[in-house]
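Here is what Swiss-Prot says about this protein:
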BINDING   C262, C320, C323  [4Fe-4S] cluster binding site
Amino acid sequence: MTLVEEILDAKAGEVVIRNVDLVYAHDGTMPLIIEAFNKVFNSVKARAYVFFDHVYPAPTVKVANLQKEIREFARRHGIPVVEGKGISHQLVVEMGLAEKSRIVVGGDSHTPTLGALGVFAVGMGATDVAVVLGLGKTWLRVPESVAVIFEGKPSRTTMAADVMIRLITSLRNYDMNYKALEFFNVPFTADERLTLTNFSVEANAKTALIGEEYDGRNYIKEISFELSSLGPMVAKPFSPANGVEVEKVEGTKIDQVFIGSCTNGRFEHIKRAAEILKGEEVAVRTIIGPASVNVYKRMVREGIVDILLDAGATILPPGCGPCLGRHMGVLGDKEVVLSTTNRNFRGRMGSPTAEIYLASPLTAAVSALYGEITSPGGEV
């Protein structure tokens, strides 16, 4: 059986109804969830959490009023609200909520991040999340699974983001709709494992999980992925599937670098960027977005905040930052950013004429020093 089949206790293609162990949403999706919930339900029957991470603190009166509405709804229904502590997917991990769960539904497309912990986690739209809140359960068609088996070890300049840009690019002509990605023989750290499952959504995967031993049964596709020969990658505008070796875009001038997000804002990511920036000065706007308060505190304890500030970087409060183009570093017309986020669609981080290149924290940090896309090969 695949990992998905084991958790859902059903074969791929079957339609099942399952209890949901945890449902969560954030300030960006919760208003529509509340609207749908109030049309049908009077009480919450699910274990639920709300996180303020997308546009926090509120930058406008409109956003402030929406957040006020969320607080009032949560108070009425006894739902904990976590404000200003970081990105929802990171906090669910840090708070131990994922460890106590088998099936998780989130009001965000990157909920499958939790699959790094062996959880069947899926993002759903507002109506489906509202139903989970009201019933404590959901229906699912058990997805088929694609197995990714890693071979070899990554080089010192290769990070999980490089792996995923290459994998997503290789799958762009393969129909991943409503299929799961399952990773085996994974040589990455806990922080980097979360990058693998988080980025899987950009391959159009329904969810993603990390397993231990690959048994080869019931998988519709098997991908052997050699790590030792993989170098730094960059995804060109305007798709994460536009991946190329960094050398092919080296020298591209950039206006801004963003290192953070639910993809690459964990401690290891920022520490490795700081190792590059130590004693140097950035050549372009460089924004650092810790994924959580705990990440930020550790940055303070280990002197990383001083390194980044001395290098000329701007450190944001924990949260999503400019990833979704709402505040704290949005792009102007025709500006170019090198970002460690997971999406580079037109207009994603601000102006629709801006260009977004995606890369690992290492590539982003080195590029910040030179003001152009640069391979980290000689700097690490």
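Cβ atoms are placed via backbone N, Cα and C, with glycine included.
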What count of other C-beta atoms do you get within 10 angstroms of the C-beta of C262 ([4Fe-4S] cluster binding site), across all chains shown?
27
Around the [4Fe-4S] cluster site (C262, C320, C323), what further same-chain residues have their C-beta within 8 angstroms of the site's C-beta centre?
D53, H54, I87, G260, S261, T263, G265, G289, G319, G321, L324, T341
Within the same chain, the residues at least 6 apart in sequence whose Cβ is under 8 angstroms from that of C323 ([4Fe-4S] cluster binding site) are F258, G260, S261, C262, G289, S339, T341, R343, R348, M349
In DSSP terms, helix, strand or coil for C320 ([4Fe-4S] cluster binding site)?
coil
Taking the Cβ of C320 ([4Fe-4S] cluster binding site) as centre, how many other Cβ atoms lie within 10 Å?
28
